[in-house]
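Worksheet: the structure to be examined is printed underneath.
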Amino acid sequence: MDTRTVLLLLALGSFVVWAILLAFQAGMPHARRIPYWTAAKFLQGSGSLGLWHFGPSPDPAVVLAANLPLLLGCAGEAWAVLHLIGRTVSPEVRRAVALAVCALCALSALLGPGDRSTVVFALHAALYGLPAWPLLAATGERRALRALLGGCFLLMALLFASHAFWLAASPLAASREFLSVTYRAVPLATYCMLLVSGFAMLLLAKEKADEALSDAQRSISLKEEQYRLIVDTANEGVLSMDREGVVVFANGRMAQLLGCHPGDLPGLRYADLLAPGAEASPGGPPDGASEALLLRGDKEPRWMSVSARTVRDASGTLTGSFAMFTDITESRQARQDLEEYHRKLEALSVTDGLTGIANRRRFDQALAEECSRHARTGAPLSLILLDLDHFKRFNDAHGHVAGDECLRRVGALLGASASRGGDLAARYGGEEFVCILPATPYEGALEVARAIRRGIEALEIPGAPGGVTASLGVLTDHPGPDCEPRELLRRIDRLLYKAKAGGRNRIEGQGPREPEA
């Protein structure tokens, strides 16, 4: 096989390896690709193709065009091999080597054939020797593969170095028959080494890819274990469910909240965990924050605060859901107790402590509200104001216990008499009571007042056989936009005073169309 054929095969082999590398690294993320390797094989193929085409030409431009790509490709291959074995070469070193190769190659183009070959072969020897020693010094389980590749690079370096030495030591011979031998021996040896080293480098690249994949799998496994530890030690219960709401994972805290073993929960539907009557979403708890009533293994219902998130794939299809649970039974009960306490406190603030009906504060609020409302609707508003007759004399005769009982019974009677939804009976102060009758005409208010007077007469007070009577004032009016509650009170107070002055135990009233007395 002649030299030109070997050079052509060498060029084709480099281009084939270049194509294989392009296909090998096409689907890889940029960070996992082996740098410089594809460019190196393309440059080596281009340089070999140039040598095949031009041969041992004395033209400096031809020498530069053929040898420079070949040498730069050897440098790139060295960087790729060092990257494969985990050796980092700084950008400064790579730039310095590339500049040195370009400068020496350009200088060699100006030299004679023997000196030119000496420089080119010496550069080849140096570039092949760069990765040889790190490969041979490597240790580990796959040392044999690296040693094989290191041996190939070392043999190539020694071959080129011996030729460079011979050329430098025998310049006369180099100018004659030795050059023809060299151009036949070097390409053939390079081609043989290309086959072995290319195969070894591909195996080394696969080894590195396998190691990267193994590292990634170990990292994923480690992170999964870390996440599982975090979930298992969390203070919240955690459920992972599929798209049908079936539990696929539950942490220990969730099992503790539900009073069961963690292995009992996978396979159950989320709806199976809810207390009877609780509403369940088809695929699990709804997105966001909510509250749910879950049933423990001992059938005790527990309120849970739920924070849920649905899981969807890249196309937006629901694949499952993830939820965290916190037991809020005690805090929810405390909140309800506090709300009930506030309701009772609010009721006490507007309730007379002795009679149990509304107090003066509540009456003032209600009268102002009813005046405004009746001014908008135009309906008649009626008031009844009563005062127990000679109540001080009653207290002095029968005692305060009987007096308090009398007030309680009068309050209960008024509460029963003003029993419609909007009616209000209140203790106005001392032995005075008042009723608000919304949307009630004058005749209706008089009927209520008569029933109240008769009811008070009929009261039987323990410890007070004589009973008690009351004087009442009745007022009905159509409040206008400028209605003043104080004016209504002044008018009805006059009616009450008139009833008392007229002999007591009687009713004085005023309708909306009657002039004020």
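Backbone N, Cα and C atoms are what each Cβ position is placed from, and that goes for glycine too.
Listed in TrEMBL for this protein:
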TRANSMEM  6-24  transmembrane segment
TRANSMEM  61-84  transmembrane segment
TRANSMEM  96-113  transmembrane segment
TRANSMEM  119-136  transmembrane segment
TRANSMEM  148-168  transmembrane segment
TRANSMEM  188-205  transmembrane segment
DOMAIN    223-276  domain 'PAS'
DOMAIN    288-340  domain 'PAC'
DOMAIN    379-512  domain 'GGDEF'
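Counting Cβ pairs closer than 8 Å and at least 6 residues apart in sequence, the transmembrane segment (119-136) and the transmembrane segment (61-84) reach three or more and so form a contact. Helix, strand and coil counts from DSSP across the domain 'PAC' (288-340) read 12 helix, 30 strand, 11 coil. For the domain 'PAS' (223-276), the predicted model reports an average pLDDT of 82.
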